[in-house]
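Novice: The structure follows.
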Amino acid sequence: MAEGQVLVLDGRGHLLGRLAAIVAKQVLLGRKVVVVRCEGINISGNFYRNKLNYLAFLRKRMNTNPSRGPYDFRAPSRIFWRTVRGMLPHKTKRGQAALDRLKVFDGIPPPYDKKKRMVVPAALKVVRLKPTRKFAYLGRLAHEVGWKYQAVTATLEEKRKEKAKIHYRKKKQLMRLRKQAEKNVEKKIDKYTEVLKTHGLLV
């Protein structure tokens with residue numbers, strides 16, 4: 001699949017289950033999906049209850065030989081990946097191929113920091129959850145059950161945002177200069193513009 005057809009989603013502010021369901025459907029249909037900022041994904045319900053549920057889930061193991069599984073993930077990106085896996089027939093070739101089309105990241109690593117990121121309105125917390133309802137952050141939950149890189153991810157995100165601000169300022173300045181340059185030569189190129197319009201080359 002072409003690079004332009006990769007769907008880059010920003011996980012921040014989305015509900016875990018709803019986003020996972022939409023992503024699962026897209027990868028089954030053959031689209032390549034990349035989900036960034038998984039630490040900003042939300043889970044409905046208060047934090048304490050979600051933490052108890054996840055800790056209960058972590059306690060499940062094979063009594064005779066725990067090394068045989070189940071294997072539990074602590075990073076937000078891997079928790080999201082496993083949620084999507086549960087919505088796919090991952091033990092079949094079709095399901096495995098679909099799972100291979102999904103990439104998940106904590107923070108926004110290169111080259112995705114330079115690409116346009118999309119949101120899914122059907123999975124956004126502000127759209128789907130009443131303002132009075134409680135919710136938890138996947139990043140905080142992951143941190144409290146053993147994820148060690150919350151501070152590192154936060155630091156890298158701050159650096160990325162600073163770089164993005166500088167880039168945006170430069171872009172605005174260039175756009176302003178371009179508009180000014182176009183305005184300066186507008187009268188000089190009027191006759192050429194009219195000729196191009198008559199030939200249908202300029203609208």
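Every residue, even glycine, has its Cβ placed from backbone N, Cα and C.
Annotated N-acetylalanine per Swiss-Prot: A2, in sequence order, evidence recorded as similarity to another entry. What Swiss-Prot lists as citrulline is R59, R140. What Swiss-Prot records for S77 is phosphoserine. Taken from Swiss-Prot, the feature N6-acetyllysine applies to K191, supported by similarity to another entry.
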Novice: Spatially, which candidate from the modified residues R59, R140, K191 is nearest to S77 (phosphoserine), comparing Cα atoms?
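Specialist: When the Cα distances are compared, R140 comes out closest.
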Novice: How many Å lie between the Cα of R140 (citrulline) and the Cα of R59 (citrulline)?
Specialist: 19
Novice: Run through the Cβ atoms and count how many others sit within 10 Å of the one on R140 (citrulline).
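Specialist: Here the count is 17.
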Novice: So, in DSSP terms, is R59 (citrulline) helix, strand, or coil?
Specialist: coil
Novice: About how far apart, in whole Å, are the alpha carbons (Cα) of K191 (N6-acetyllysine) and R59 (citrulline)?
Specialist: 77
Novice: Which residues of the same chain, at least 6 positions away in sequence, have a Cβ lying under 8 Å from the Cβ of R59 (citrulline)?
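Specialist: The list for R59 (citrulline) is empty, so the answer is none.
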Novice: With every protein chain in view, how many other Cβ atoms are within 10 Å of the Cβ of S77 (phosphoserine)?
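Specialist: The Cβ of S77 (phosphoserine) has 24 Cβ neighbours within 10 Å.
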